[in-house]
Amino acid sequence: MDEYTKIEKIGEGTYGVVYKGRHKATGQVVAMKKIRLENEEEGVPSTAIREISLLKELQHPNIVCLLDVLMQDSRLYLIFEFLSMDLKKYLDSIPSGQYIDTMLVKSYLYQILQGIVFCHSRRVLHRDLKPQNLLIDSKGVIKLADFGLARAFGIPVRVYTHEVVTLWYRAPEVLLGSVRYSTPVDVWSIGTIFAEIATKKPLFHGDSEIDQLFRIFRALGTPNNEVWPEVESLQDYKNSFPKWKGGSLSANVKNIDKDGLDLLAKMLIYDPAKRISARKALLHPYFDDLDKSSLPDNQIRN
């Protein structure tokens, strides 16, 4: 830790306090995440250190770069590149009645998908995507933060400050207790974030797991084995769930054109096996008029 100076505390993350800091030798400004572990006495689990070390290899222009992993007094510090604004703060700063330009919505979604394709191709899931861990710079670049931390540390039910971890972006298979979920959980989250970037409002803002599920069911219809094979055998599925029919997404989501709504519907398909993959989503006609040459990484690398 001697190489870094703490400048100020900038927030509370899911796993602990986040500081703005500076690398003494180079002057580079960084974000320093102090990881607070459930069992402090036991120190940092070796599995967590292994997982985190792998994340240093995730180098992509749409992923916040993990620069360093440091230990001090059995505390783990993760050192990331610094970006001063997250998507949630940005959406909150837009004056009432105004919205993000439609081309920027498209560009942000495309970049988020590029970052996720890169990680999924390396078998890394995010599992906890939300506007707070999408960071933006002044040049229109958006980057995904906190990749792989869910696997390394688990997702706590409450954040360090006792705020409840948000359920708004969580895929229905996770909410229904599936243990065998995979990359489609991130695509669902990105779909809900897409709607929020366009409308400035969360698409499904439940305040408990059941409220979250019911908000999804009201909008999309209550799923059954016909639309989603084996959903009725998931741990938390109840035959007593109200049988909502579901309406059209366009009623809930203004500011997205026909192609955008088609892509959104494909990202919010109940059956994870039928949900569009991030790689296929990048090829959707919604992005046909996006100038990809100006994006930070328009080559999808395997």
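One is the number of the first residue shown, and numbering goes on along the chain from there.
Every residue gets a Cβ built from N, Cα and C, even glycine.
Per Swiss-Prot, the residue from the list Tyr15, Tyr99, Tyr270 bearing the note phosphotyrosine is Tyr15. Per Swiss-Prot, the candidate among Lys24, Lys33 that belongs to the ATP site alongside Ile10, Gly11, Glu12, Gly13, Thr14, Tyr15, Gly16, Val17, Val18 is Lys33.
Of the residues Thr102, Thr161, Thr199, Swiss-Prot records the annotation phosphothreonine for Thr161.
Least crowded of the binding-site residues (Ile10, Val18), judged by neighbouring Cβ atoms within 10 Å of its own Cβ: Ile10. The candidate set comprises the recorded positions Thr14, Ser277. Of these, Thr14 has the most other Cβ atoms within 10 Å. Ranking the binding-site residues Glu12, Gly16 by how many other Cβ atoms lie within 10 angstroms of each Cβ puts Glu12 at the bottom. The number of other CB atoms found within 10 A of the CB of Tyr15 (phosphotyrosine), across every protein chain shown, is 23.
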